[in-house]
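Have a look at the structure below, then the notes.
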Amino acid sequence: MSKRDFYDVLGVSRNASADELKKAYRSLAKKYHPDQNQGDKEAEQRFKELNEAYDALKDEQSRAAYDQFGHAAFDGGMGARGGPGGMGGFGAGASMSDIFDDLFGEFMGGRGGRGGRRGDGGQTRGHDLRYNMEISLEEAFEGKKAQVRVPGSVACEVCTGTGAAPGSSPITCPTCQGHGKVRASQGFFTIERTCPTCHGRGQTIDKPCTNCHGAGRVEKERTLSVNIPAGVEDGTRIRLSGEGEAGMRGGPAGDLYIFLSVKPHRLFERDGADLFCRVPIAMVTATLGGEIEVPTLGGKKVKVKVPEGAQTGRQFRLRGKGMPVVNSRETGDLYIQITVETPVNLTKKQKELLKEFEQASTPGNNPESAGFFAKVKEFWDGFQN
């Protein structure tokens, strides 16, 4: 049966960019990956076809050969001997780790070996996982021990992560002799590609584990305990080493990253380790002075003395009443900002008393307003002159 055009297989035009090729491949590979379509022979064949097409087109040199010679550039009477200098067919295999490698790596500022990396013997490090957790400001203040349910893969208990059935073990790939790569020559072209037999692992499994189907891992939801230290801020990232996705065929597990989001509070605002609270006070208290009770995030009430003549916006600093600093004995401060409340719903008598107060008042009782209106008068006088 004749092979389909590689560009048609990936659903892209012949002038598609490398990024467009990768995007198309990843999208289709996720759809047809054997792990997602177990027992579906058509999906398995489609997946192999996708790998072969992308493997040929992702490299500039092999893509140029394909554009010039078509499929003959790769199967023009060439055998399948592996290893450097040998000749072999082309094709590649992609695990789900390969497909999702970029997706899980990007959230930490780049790939940087964060998963999907193959080691000796075909071992592949598991992906790092991300878990978003929302906590209250009180929980950030006190710290807490939380339970998180993490979906993902864990090492297969039957084969202990090797992928091979009990009593057997992986063997050196006969095609590439354990190199994971094969070379093919066509005229002046010599192109090294991933081994089509072991998919770059250097090993094959004759007797796959029936529990994990040779993957070395199975899907399972886990419940983990996470210690959240007191003083964490919004956006804090907590790393749980080795609690990410299980590796392939005995490879190391990835890490789990807990990203914390602190919910807004109804009374307090936060700036680093400092807390801010706006407290309304009565006009009489602001005028004559007095004592008010203010809340703290720890649940205790603190008394604050308000001096005579206090104005809206006046701040009072309560040292050590703010947020704790993570991994430190230091503590931030609590700032109380008062707002003078104008009385409403006055009785007739209250209004009469205020009118008497107004009549008895002098400009010195309201220096800011008196000074402001004096400046306004000077401003207007300047226009008249």
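Each Cβ is built from the backbone N, Cα and C atoms, and glycine gets one as well.
Note that this is a predicted model, so its numbers are computed, not measured.
Annotation source Swiss-Prot lists domain 'J' at 5-70. Residues or ranges marked as zinc finger in Swiss-Prot: 143-221. Annotated Zn(2+) 1 binding site per Swiss-Prot: Cys156, Cys159, Cys209, Cys212, in sequence order, evidence recorded as sequence analysis. Annotation comment: Swiss-Prot describes 156-163, 173-180, 195-202, 209-216 as repeat 'CXXCXGXG motif'. Here Swiss-Prot flags Cys173, Cys176, Cys195, Cys198 as Zn(2+) 2 binding site, drawing on sequence analysis.
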- Note on the structure: Around the Cβ of Cys209 (Zn(2+) 1 binding site), other Cβ atoms found within 10 Å total 22
- Could you tell me how many residues in the domain 'J' (5-70) are helical, how many are strand and how many are coil under DSSP? 47 helix, 0 strand, 19 coil
- What are the other residues, in sequence order, whose C-beta lies within 8 angstroms of the center of the C-beta atoms of Cys156, Cys159, Cys209, Cys212 at the Zn(2+) 1 site? Glu157, Val158, Thr160, Gly161, Thr162, Gly163, Ala164, Ala165, Pro208, Thr210, Asn211, His213, Gly214, Ala215, Gly216, Arg217, Val218
- Other CB atoms, at most 10 A from the CB of Cys176 (Zn(2+) 2 binding site): 28
- For Cys195 (Zn(2+) 2 binding site), the three-state class that DSSP assigns: coil
- Query: Given the binding-site residues Cys159, Cys212, which one's Cβ is surrounded by the fewest other Cβ atoms within 10 Å?
  - Reply: Cys212
- Can you tell me how the residues of the repeat 'CXXCXGXG motif' (173-180) break down into helix, strand and coil by DSSP? 0 helix, 0 strand, 8 coil
- Query: If you run through the zinc finger (143-221) with DSSP, how many residues end up as helix, strand and coil?
  - Reply: 0 helix, 31 strand, 48 coil
